[in-house]
Amino acid sequence: MSSVRIECVAKEGCRIGESPVWDEKEGALLYVDITGRKVCRWSPVTRQAQAIPVDAPVSSVALRKSGDYVITLGTRFAALKWKEELVTTITQVDKDKANTRFNDGKVDPAGRYFAGTMAEEIRPAVLERHQGSLYTLFPDLSVVKHFDQVDISNGLDWSLDHKTFFYIDSLSYSVDAFDYDLQTGKIGNRRSVYKLEKEESIPDGMCIDTEGKLWVACYDGGRVIRLDPETGKRLQTVKLPVDKTTSCCFGGKDYSEMYVTSASDGMDKEWLSRQPQAGGIFKITGLGVKGVPPYPFAG
């Protein structure tokens, strides 16, 4: 095993950092601060993060084939022009629900944007249950709802052969798999591939590596874990100096670096004094595996 190194690279603490995505063209890391209502881009060259403020909780960001980005904002799918700091709504979901918002989202190998909703939290991970749904924004800008009764729609990714869709509904404490049809974007045959152990706490964001293994950030667990979805076994645990690890992605020149987002919301002064890097962005090197580049939204 190579030696694993962890470094806090963006220290301007997010309230709820989420949805890290490597932007190869910019050579930078994108991420959002959900309750801080901003989309951020951190450059390893300047070691600075730029932030664009938005008018609602922003829960995920994705690359767009035509340039710039797409985001999930409140209950809207929206387009973000970075230089102009311009946000335009594409479409809205959950119109019949007053208190939901999008949470995690990711683009599939065919360029469709998958994202799910959840009820607004009373405090972190405390909310009205079964209010969320999972949606897909298609390249023609139409939206399909896959299912509802979701608690906290969270991590998503696809197997290397694109035949399996992996998904986390956080309060089920499970990483689930679905059969996936890349032609149509349809999912079916849901099953659990990993149940979290007590000390791992709540499964949050997720990504896949080039060996087909899943990496899951554990909220309140202060770690990312590597899982084998075939055997249901945990292969590796990487502990971080903060409890509220929220999501992870691979990035850097050859996608050999892992970036992990974290949160500070819900922590009191004493807790924050023990974990001054809460809400920071962490870079992990020396894992010995690489990740898969993100897919851009095709619409």
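In case you wondered, yes, glycine gets a Cβ from its N, Cα and C as well.
Within 10 Å of the C-beta of Asp204 (active site, proton donor/acceptor) there are 29 other C-beta atoms, taking all protein chains into account. The feature active site, proton donor/acceptor is assigned by TrEMBL to Asp204.
Residues or ranges marked as divalent metal cation binding site in TrEMBL: Glu18, Asn154, Asp204. Counting only same-chain residues six or more apart in sequence, the Cβ atoms lying under 8 angstroms from the Cβ of Glu18 (divalent metal cation binding site) belong to Tyr31, Val32, Asp33, Ile34, Ser59, Ser60, Asn103, Asp104, Gly205, Thr246, Ser247, Thr261, Ala263.
Per TrEMBL, substrate binding site is recorded for Arg101, Asn103, Glu121. When other Cβ atoms within 10 Å of the Cβ of Glu121 (substrate binding site) are tallied across all protein chains shown, the result is 19.
Under the heading domain 'SMP-30/Gluconolactonase/LRE-like region', TrEMBL lists 16-264.
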Rounded Cα distance, in Å, between Asn154 (divalent metal cation binding site) and Arg101 (substrate binding site) is 12
Give me the count of other Cβ atoms within 10 A of the Cβ belonging to Asn103 (substrate binding site).
26
Give the number of CB atoms, excluding that of Arg101 (substrate binding site) itself, located within 10 Å of its CB.
22
Counting across all protein chains, other CB atoms within 10 angstroms of the CB of Asn154 (divalent metal cation binding site) number 29
Measuring Cα to Cα, how far is Asp204 (active site, proton donor/acceptor) from Glu121 (substrate binding site) in Å?
15
